[in-house]
2 protein chains.
Amino acid sequence: MWSTIGEAGEFGLIARVTAQFPGTGDVILGPGDDAAIVTAPDNRVVATMDLLVEDRHFRRAWSSPEDVGRKAVAQNFADIAAMGARPTALLVGFAAPPDLPLSWADGLTEGLRAECARAGGAVVGGDTVAAETITVAITALGDLGGRPPVRRDGARPGDLIAVTGPLGLSGAGYALLEAGVLGPDDARRLVGDSAGGADPGWAACLREHRRPGPPYAEGPRAVRLGARAMLDVSDGLVQDLGHIARASGVAVDLDSAALVPDPALVEAAALLEQLGAARRAPVEHMLFGGEDHALAAAFPPGTDLPPQWRRIGTAAAPGPEGAVVTVDGAPARAGGWDHFG
Amino acid sequence: MWSTIGEAGEFGLIARVTAQFPGTGDVILGPGDDAAIVTAPDNRVVATMDLLVEDRHFRRAWSSPEDVGRKAVAQNFADIAAMGARPTALLVGFAAPPDLPLSWADGLTEGLRAECARAGGAVVGGDTVAAETITVAITALGDLGGRPPVRRDGARPGDLIAVTGPLGLSGAGYALLEAGVLGPDDARRLVGDSAGGADPGWAACLREHRRPGPPYAEGPRAVRLGARAMLDVSDGLVQDLGHIARASGVAVDLDSAALVPDPALVEAAALLEQLGAARRAPVEHMLFGGEDHALAAAFPPGTDLPPQWRRIGTAAAPGPEGAVVTVDGAPARAGGWDHFG
């Protein structure tokens, strides 16, 4: 049998991928024609695209191909959910060297399949090409189901600021990988038994970094709860809330007492300190860590939030500093990412 | 001012691109939020994706950035038209080295804008990332306007096979570029005055290769004319009609007398022979040349085709050879592309 994607060939590879996606109720026409056809019962379609480039957005040494596939789906469908929409379909562009093991492509496909199953979407089309570097391009589509979309510019003074999903774990996981900790074995080698055994609590940070699990259903639910602004936390909580603040013309003040770190994050921060990595308090990971793919939203004052949503702050009319994000009234240092910086 | 995309930065680059796409009647929400929102009045959305990788799908020495942008749009919206749909929107992923001149990115944007204007669509979103190699990922969306989609599997014995748009010019243009002829100056240097002066007829082949102009409106029109199968000619006429033949379970016989080469193609073939390049008769370019982005379709017998559509053959029940494509009853050698071959 084939051992590389070059041996499988373009059509062989496409056949292997499409066999994993028999379709859903939203797929009118799947892969194999000039284009796919997907339901859009709302008369509007929500669409977003991300590129993932090897050694920029993932490393083969740090993530399995399943991890890469899951994360590629998660970060795109999280954007769909952040508009208040339901994920329906994906298109996947895959550029890779012909000598890439076919098992890697199969793993990627399995990751796409698994996260599509969580989100309720399906791969309906795409493209495969040869290139020096692995690049995964994902376009995600979604349906608003008659709901108004939730943009970034609708927050008003007095609104509650709330989040759903983990904060800071992915960023701490990334810091662990950078420090050489790909798993418990590395940690024991580096710091001994204090690393926490076979399944230490901090390992959840590695898992969240490799396989974020956005709370997709909370996007449409937030609309029903009256959300006036919402986004996917991808560049860090402070930076992303800054987008809502500026677009809406409000200041956002976060309440540090409400930013309760997950125990896994506390353990990860302690391990990072043992390892001599850059010191960051758990709450700093929560404020500035990227790639959480939690959802953050502004709700009208008095909204009765379900337990999945944690209130973490309040929007206010901007003061002399303008539409900024503060923590307990003090400026939050702006971290974040510029992909060409 | 900035001279490279690295200096402009991710957000500066996005701002430059989005300024060129103020939107159309189909754009409900353009770039700048988690996702875009596009009209889908038909309740179904047609979607397709292509990746273009530098030195695989285009060369900076052969094509201007405007050319690359136009072609990227054209090949994707041609797929939308080939389903019988109207182009509505694009998402564009752009991976490039930070030291890429900003003028190149601006040229690409201008090419995207110009071809979107021809097709009636708009760029509504995308992603920009740093990478070693320029990669352009395009997702195109379209609307069926209440029409049934035209797939590849509906041709029946007796159907007319017809095409609209140029055949063979792009492939001949590619052969000229491979032979070192980027324009009239190169041709004069290589073969002297017989190359044909400042604007020789064969130059149309270079133009078609660099900037194909698919007949978008003919896709929906073909549906109204009753087309039962249709596709975009991207891999070569014989190979692509082979897809219709196999999917529909018919044999397709082309009539060589109906395959009348464009004068530009005749001139290009003569120049290629003068240059000592691989000999191909004009009709061979028409049968096997890729990237034409013409539309080919099967229509019921007796369909009164408008002049934009040329009848080139007939579908028949498959004989002992199966669902093959023949020319005047003889086997057509199968050319075409395998992207990992």
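Positions of Cβ are set from backbone N, Cα and C atoms, glycine also.
TrEMBL names B:Asp34, B:Asp79 as Mg(2+) 3 ligands; from the candidate set B:Asp232, B:Asp235, B:Asp240, the record adds B:Asp232 to that same site. With every protein chain in view, the residue among the binding-site residues B:Thr48, B:Ser234 whose Cβ has the most Cβ partners within 10 Å turns out to be B:Thr48. Classification of B:Glu291 (substrate binding site) by DSSP places it in coil, neither helical nor stranded. Contact with chain A, taken as any Cβ pair under 8 Å, is found for the binding-site residues B:Asp50, B:Arg152 out of B:Asp50, B:Arg152, B:Ser234, B:Asp235, B:Glu291. Mean per-residue pLDDT, taken over the domain 'PurM-like N-terminal' (B:32-142), amounts to 96. The closest partner of B:Gly126 (ATP binding site) among the binding-site residues, by CA position, is B:Asp34; the full candidate set was B:Asp34, B:Thr48, B:His57, B:Asp79, B:Asp232. The Cβ of B:Asp79 (Mg(2+) 4 binding site) has 29 neighbouring Cβ atoms from other residues within 10 Å, across all protein chains displayed. Under DSSP, B:Ser234 (ATP binding site) is assigned to coil, being neither helix nor strand in the three-state scheme. Under the three-state DSSP scheme, B:Thr48 (Mg(2+) 4 binding site) falls in the strand class.
Under DSSP, B:Gly126 (ATP binding site) is assigned to a strand (E or B) in the three-state scheme.
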